[in-house]
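Beneath this line is the structure, given in structure tokens, with notes to follow.
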Amino acid sequence: MKAGKFWAWLTFGLGAAYFIIPLLATMEFAMRMRRGTYSFDAFAVVFGDPRFQQTFGYSVVAAFFTILLGVLIVVPTAYWIRLRMPHIRPVIEFITLLPLVIPAIVIVFGYIRMYGSNSPLPFLGSARGTDALLVIGYAILALPYMYRAVDTGLRTIDVRTLTEAAQILGAGWGTIIMRLILPNVLIAVLSGAFLTFAIVIGEFTVASLLNRPAFGPYLQNIGANRAYEPAALAVITFVVTWGCMSVIQMLARFAPKSANRPD
Amino acid sequence: MATISLSEPDAARAVPPTARAVRLPTQWLGVAPFFLFAILFLIAPTAYLILGAFQTPNGAFTLNNLAELWQPTIRAAYWISIKVSFASAVIGALIGLAIAIAIVRGGLPRWVRSATMTFSGVASNFAGVPLAFAFLATLGRLGLVTIILRDIFGFNLYSTGFNILSFSGLTLTYLYFQIPLMVVIITPAIDGLKKEWGEAAATLGATQWQYWRMVVIPVLWPSFLGTVILLFANAFGAIATAYALTGSSLNIVPILLYAQIRGDVLHNPHLGYAIAFGMIFITGMANVFYIWFRTRSERWLK
């Protein structure tokens with residue numbers, strides 16, 4: 001047992017070293033900007049760069065709309081499947097997992113070929129349309145995570161009884177979804193939302209191929225042209241990802257643990 | 001009135017026969033937005049590329065595009081992509097498994113496990129361009145580790161032929177999100193190993209080694225293989241890290257496709273479709289195996 005514990009600590013220690021050293025190294029590199037001494041100059045340069053503010057702002061707005069679109073698509077669907085059409089659930093689950101199978105670069109390649117300015121749906125004909133297509137693409141990339149989160153949330157409430165109770169009280173579908181289902185799965189939706197945010201904020205492939213001024217292409221551009229700023233940006237991105245994941249962990253603590261009627 | 005409650009199954013079932021017959025088509029309206037969305041923005045674009053891979057520019061059927069994938073540059077790109085994805089998947093899975101076993105079974109304090117799981121959640125999502133920056137700052141020519149090795153240990157990493165912009169460098173970088181992903185996925189499977197199995201084996205006189213060889217490894221094997229395949233697909237489709245790390249100097253498939261989309265570097269749009277089809281084919285096959293292993297492993301985890 002003693003030997004087992006030793007090996008466990010050794011494995012954990014080596015693993016921890018592999019994961020922590022690059023973070024320390026990145027931080028150290030970012031602070032090397034001023035010659036001969038450590039400073040936060042690189043961070044100051046990054047935060048002062050108007051393109052940083054613009055692209056980061058753009059990605060935050062894109063993430064917001066992605067979450068909105070994802071919720072609008074996923075919540076009613078997952079609810080309806082649980083309520084009325086459990087038999088087609090495997091089909092829906094299969095579709096929601098497809099974005100993990102089809103690489104993002106392939107999906108966006110399809111968009112570029114299908115939605116050009118001469119097509120029946122000319123998304124790429126205008127800047128606004130391309131923004132919309134970017135958000136749609138992100139919603140597709142986030143679909144597996146969003147659907148899983150919402151479906152797990154719905155599992156903890158008794159959808160059928162709640163719906164019937166609401167209908168007896170005279171509620172329409174809009175009221176049921178907005179005032180009954182959504183508040184009940186809010187925590188699940190929020191954890192899906194933060195995961196979506198973490199995925200979208202530094203996304204490179206889709207934004208770059210659609211030529212949108214997002215944070216991901218900006219990161220790549222800085223990486224190709226600067227020395228110390230990329231390290232500072234990596235630290236910032238890591239902190240943002242860390243923040244999103246911590247919020248998800250905290251939300252999980254508030255989520256209802258037991259189901260009324262587990263199925 | 002109060003005797004009829006709608007939530008009572010029998011009463012509810014007594015009403016619908018006629019009602020359900022009327023409702024049948026409207027029922028699909030509830031999922032129509034989802035299907036419309038998925039077809040327009042997921043299935044149709046993919047189908048468009050797959051069909052395009054089998055067509056000439058005039059729209060006639062052909063297998064030429066697929067045959068052209070065999071030309072040396074494209075073949076080399078597929079080969080290096082497969083090598084990097086395979087190496088990072090297998091190594092990542094083995095290390096991830098070792099870490100998961102250590103935190104679940106190693107008798108370490110409780111905080112070690114929760115810290116590892118939280119960190120794995122973060123690190124498995126810390127991919128893309130920033131990850132490349134982090135590794136350049138660590139193992140690049142001026143990276144911290146490179147410098148420490150050189151100045152303190154007198155060991156010049158780059159004289160050994162190592163380069164962060166190469167196969168081994170890319171694999172090492174991909175491990176940063178592959179290992180945590182493995183830890184996140186495999187830990188529940190290790191939790192599923194019941195204590196009773198170990199006790200039963202011990203009662204029957206099995207040694208620790210026999211218990212591992214005849215109980216633990218066979219039970220974990222399908223989950224392990226399944227996750228390796230998932231990691232493979234995960235690495236195979238990734239482009240941002242490699243692109244930020246190496247520019248276009250390392251010729252992996254997603255980077256080749258990226259260049260083709262941007263500027264038709266292969267001078268044949270339909271060859272681009274064929275490359276995309278090849279990628280879908282490989283990740284698709286990988287996932288078929290994944291689902292197969294997954295259903296086999298779930299038998300033990302109930």
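Numbers run from 1 along the shown chain.
For all residues, glycine too, the Cβ spot is worked out from N, Cα and C.
In TrEMBL, annotation is done automatically, which means it is predicted and not curated.
Annotated domain 'ABC transmembrane type-1' per TrEMBL: B:78-292, in sequence order.
Long-range Cβ contacts of the transmembrane segment (B:28-51) within its own chain (Cβ-Cβ under 8 Å, at least 6 residues beyond either end) map to 273, 276-277, 280. The transmembrane segment annotation in TrEMBL covers B:28-51 (among others).
Proximity of distant same-chain residues to the transmembrane segment (B:84-108), defined by a Cβ-Cβ separation under 8 Å and at least 6 residues beyond the stretch ends, is recorded for 116-117, 167, 170-171, 174-175, 178-183, 186-187, 190-191, 220, 224, 227-229, 231-236, 252. Residues or ranges marked as transmembrane segment by TrEMBL: B:84-108 (among others).
Annotation comment: TrEMBL describes B:128-149 (among others) as transmembrane segment.
Per TrEMBL, transmembrane segment is recorded for B:161-190 (among others).
If you look at the transmembrane segment (B:210-233), the same-chain residues 6 or more away from its ends with a CB under 8 A from one of its CBs are 85-86, 88-90, 92-93, 96-97, 178, 181-182, 185-186, 189-190, 192-193, 197-198, 201-202, 282-283, 286-287, 289-290, 293-294, 296-297, 300-301. Sequence annotations record features per position, and here TrEMBL assigns transmembrane segment to B:210-233 (among others).
A Cβ distance under 8 Å defines the sequence-distant neighbours of the transmembrane segment (B:240-259), meaning residues of its chain 6+ beyond its ends; these are 73-74, 76-78, 80-81, 84, 127-129, 131-133, 135-136, 164-167, 169-170, 173-174, 265, 272, 275-276, 278-279. The annotation transmembrane segment is assigned in TrEMBL to B:240-259 (among others).
Feature annotation from TrEMBL assigns transmembrane segment to B:271-293 (among others). Residues 46, 49-50, 52-53, 55, 65-66, 68-69, 74, 78, 82, 222-223, 225-226, 229-230, 232-233, 236-237, 253-254, 256-257, 260-261, 264 of the same chain sit 6 or more residues outside the transmembrane segment (B:271-293) yet have a Cβ under 8 Å from a Cβ within it.
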What else in the chain is close to the transmembrane segment (B:161-190), if you only count residues 6 or more beyond its ends and a Cβ gap under 8 Å? 80, 83-85, 87-89, 91-93, 95-97, 99-101, 103-105, 116-117, 119-127, 131-132, 134-136, 139-140, 143, 220, 223-224, 227, 230-231, 234-235, 238, 241-242, 245-246, 249-250, 252, 297, 301
